[in-house]
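What TrEMBL says about this one:
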- B:6-26: transmembrane segment (TRANSMEM)
- B:38-59: transmembrane segment (TRANSMEM)
- B:65-87: transmembrane segment (TRANSMEM)
- B:94-116: transmembrane segment (TRANSMEM)
- B:136-163: transmembrane segment (TRANSMEM)
- B:193-215: transmembrane segment (TRANSMEM)
- B:227-251: transmembrane segment (TRANSMEM)
- B:263-288: transmembrane segment (TRANSMEM)
């Protein structure tokens, strides 16, 4: 028996919708097997992982806190991937955005008032975009591989953050802990419903940005340009689209989104800088982008799903003693399943008996 | 030169070589994969799986050589997953490679949890009587562990295979134009499977070197970006095996140099020194990619593109 791919005449619309759901189902099934191997009751573990976090209001608030950066970065990365620009350094752009935005509450502590937060958001957007601008510039100017450069800059950004919170930005009154000062009230993103939970306006911002990017992609010429240059660079050239400008455009958008996500994280839930400010959001956002079909509206749903894996991972660690690494494995498996299922959109899969004589394969 | 200086130079060269060997192994494997037209960005994931596989194998059997074999098998298992997805199911190679890295980092962390903090038996040094005692280069070339000798043999072997054998020619043809190769009756998918598995084995061995030789213990994410640097080395080497050797030792020297600078405390914050290997990678990539002629001649023309045989 051999597996053969047969190209479909037209990509299947039904499967385009269902393939991420099939992928998700397969990943959940794999998760159940993994729980069983780890010696837990799979059904109970699945309940703790995926259902329980949704049964309490405060927990739903936590979900929104984790979903905000994933949605923002996933939506930005979708623009990159649609235009065939492989930015995998959102994690670094997230950190640099958080650092640029934190300049005000950390260095200019005297500066208070309602102007601070808008300044922080602006600086974070610029900071993230500039950091993403480095691989874009190198790709456009020297044809340097953007995948490797953007990834290398993640490590550099992590080290810069580490240096700052242990060195010049360390809280002088913080008992030598590697932390910045706690942000003052004007530098914090307000909570949505403080009576019920910690979720803040960052989630609303994320949704608005995703919708704006969706409008751009589906309703404007720019969106068309992104898709044409991504699927057929040659056709794009004939249409007069500039591939080099697109490198900058897509990277800067993704970097701006990641920078915004970074400041939302530190000025929202955490309220200060620490040596590690992200549990790998920038890499999980890659999965979010693919699970969301590279469509910013799909990314909103996908961001909530992946946020649930973080939250469920924490819950399972506390109540079942399961390792927090389980969430990473689940996320990696999920992306692999989605990619495999995507094949079904463009190809029919056929099992053919291994032919004894090569010449007898007469059917086309 | 005094004896003390000689011994110091020898020691420094040895540490550089130890830092370079995992990069070299992972890069030479990936070079073969990319020469066949497949871009596997999962090197980091396969490497870290090789590290935990090697460590578990060593702890369970007490034998570092069996450990190394287990590491190789772990790397190959992950690369098989990549091959099934990208070759049989024609998935996007970049995205699949990323998924492989995410999965490998998570899985190794999960199965490695009980092994954190345990110490390993370092793979023994194999001396060659007479040659090992040569000044300076004696211990560097003839006084190392088995994985070092394998790494050098692989460079020579891959160079010979790619450019001196019919199979190597076929593999390169597949990397440049799988359609034509297929039309000529060359088994494109089968060859690519073998290339990807070879790359997985090399990355696995590189990981095993980390946990059995470089720092004989298991820590989470212990590959620390080396898989990505190996990917950059392949570009740096413009897909030529012997340039991998030069590149790996150059990077080994940079990473050892920054460690020594940190130990000496030369007044530069340690984080900036730690960033040097990553920045050096970026700079090297820029310098190489500027040379269009060099990259155009050597880049496999179909690198990263899926191939579905139309029977």
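Cβ atoms here come from the backbone N, Cα and C positions, even for glycine.
TrEMBL labels come from automatic prediction, so no person has curated them.
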(request) Might you confirm whether the transmembrane segment (B:6-26) is in contact with the transmembrane segment (B:94-116), defined here as three or more C-beta pairs under 8 A between residues 6 or more apart in sequence? (result) no
(message) Which sequence-distant residues neighbour the transmembrane segment (B:38-59)? Criterion: at least 6 residues beyond either end, Cβ under 8 Å.
(response) 22, 26, 29-30, 66-75, 77-79, 82, 86-87, 93-94, 96-105, 107-108, 111-112, 115, 118, 120-121, 192, 195-196, 199-200, 203-212, 217-218, 221-223, 225-228, 230-231, 303-304
(message) How about the transmembrane segment (B:6-26) with the transmembrane segment (B:263-288) - do they touch, taking at least 3 C-beta pairs under 8 Å (6 or more apart in sequence) as contact?
(response) no
(message) With pairs fewer than 6 apart in sequence excluded, do the transmembrane segment (B:65-87) and the transmembrane segment (B:227-251) have three or more C-beta pairs that lie under 8 Å?
(response) no
(message) So if I exclude everything within five residues of the ends of the transmembrane segment (B:263-288), which remaining residues of that chain have a CB under 8 angstroms from its CBs? That is, six or more out.
(response) 225, 228-229, 232, 235-236, 238, 247, 251, 254-255, 257, 294-295
(message) Six or more residues beyond either end and a Cβ under 8 Å away: which residues meet both conditions relative to the transmembrane segment (B:65-87)?
(response) 38, 40, 42, 45-47, 49-59, 93, 96-97, 100, 103-104, 120, 123, 146-147, 189, 192-193, 196-197, 199-209, 211-212, 306
(message) So if I exclude everything within five residues of the ends of the transmembrane segment (B:193-215), which remaining residues of that chain have a CB under 8 angstroms from its CBs? That is, six or more out.
(response) 18-19, 21-26, 28-30, 32-33, 35-36, 38, 40, 43, 46-55, 58, 64, 67-68, 70-80, 82-83, 86-87, 120-123, 145, 147, 150, 154, 171, 222-223, 226-227, 230
